[in-house]
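**Student:** Mind looking over this structure? Questions follow.
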Amino acid sequence: MNMSNTSRRTTVTKVKIHNSQFLFSSIEAAVATFAQARPPGIYKGDYLKELFRRYGDVDDAPPPPELPEWCFDEDDEEEEEEEDVKTGGQESEPGSSSSSFGKRRKEHLKLGAIFLEGVTVKRVTQVTTQPKLREIQQKCQQFCGWEGSGFPGAQPISMDKQNIKLLEQKPYKVSWKADGTRYMMMIDGTNEVYMIGRDNSVFHVSNLEFPFRKDLRTHLANTLLDGEMIIDKVNGQVVPRYLIYDIIKFNGQPVGECDFNIRLACIEKEIIFPRHEKMKNGLIDKAQEPFSVRNKPFFDIHAARKLLEGSFAREVSHEVDGLIFQPTGVTRELKQYDNKIIECKFENNSWVFMRQRIDKSFPNAYNTALAVCNSIQNPVTKEMLFEFIGRCTAASQGQMQKHHLDPDAELMPPPPPKRPRTIT
């Protein structure tokens, strides 16, 4: 194990750094010695797990200590360099130990950030002044329930041969993966629209309006969207668009806690529709907006082949880069019934919760459940029932009529003839 006496301060010159090597009997002893020599020791959880995975048992990896005070210094450039080495130049993902525990670190300001590569988007400017920048970043993090620093948006998970099984275990929807740039959009009043990028850079967007559906004269506030900026090519012209695919807050309401279908409906009804209404009335001039805004549709997973191989990929005005599968999930209200016995009804091609069955200690048997599903797939309607009973009644009456036409049919049959006596 190599131990260096490097300081986290960039004022230390490289010539003063020397290397010390020690031999330890176990990884536990090495980590403890390092912590004594350079408190608080290794404070990144993923580093600790990797060390124990290589030289011991990963299950024995201790929890990381609290971050030292110098870790929060704004001029901590050396730390940024080490993060770049660790992640290969990519930004840290939410949930990593470098940003999710301890007190909130100061945000790193990236000057000269580019909003959309290769395209100059008018009326979009980077926010660099304080306290405005910090207020927007922290409000976005609070809306997402994110206690760390950096970009608070959810991170995608690559599909592999293991997690593909989730598609048959949970309900999913699918959409195309556009070759775009991820942005969250904060709508916080008139002329208060901001785009937050994955490096936590913030851009102010002017002349982009989001009216309130119930009163088009009122502007939305306390609203946080998630989506991507893409570049469409229409009639040889470059058209920047923002595709909304999720919503976290709407006018302060935590719609992000609802299931995905409700969130999609909220985007269509509360974000897109009011804008179209104002456009029809001539109150919004699309030509003066910095970019267009659309909702990104999601489909049943059976549409996956059409999205990649069908006419859709050829007709869409930007490059299709793959597929995105989104779990529709359940509401917070339904989560409380996990491992409980509940009663549902099948409505509009989906199961709808009715009540918890506290009167039952055990659920219905599997065969009973299959029988119920079969009755739903092949239902007996009221008309079918009455028609069937009518046919049965008619057949029964016809049989009885046949018996009445033969009056001897219901009499006791005559006794068999007697055999004649023989005299010998």
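Glycine is no exception: its Cβ is also placed from the backbone N, Cα and C atoms.
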**Student:** According to TrEMBL, R198, D226, G227, E228, R355, Q356, R357, I358, D359, K360 bind GTP; so which of R182, R263, R314, R391 is the extra one listed there?
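**Tutor:** When TrEMBL describes the GTP site, the candidate it includes is R182.
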**Student:** Looking only at Cβ atoms, how many others are within 10 Å of the one on E228 (GTP binding site)?
**Tutor:** 17
**Student:** Can you check what DSSP calls K360 (GTP binding site), collapsed to helix, strand or coil?
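**Tutor:** SS state of K360 (GTP binding site) = coil.
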**Student:** If I restrict to non-local contacts, at least six residues apart, and a C-beta distance under 8 angstroms, what lies near Q356 (GTP binding site) in its own chain?
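**Tutor:** The list for Q356 (GTP binding site) reads Y337, K340, I341, I342, E343, given in order along the sequence.
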**Student:** Hey, how far is I358 (GTP binding site) from K177 (active site, N6-GMP-lysine intermediate), Cα to Cα, in Å?
**Tutor:** 44
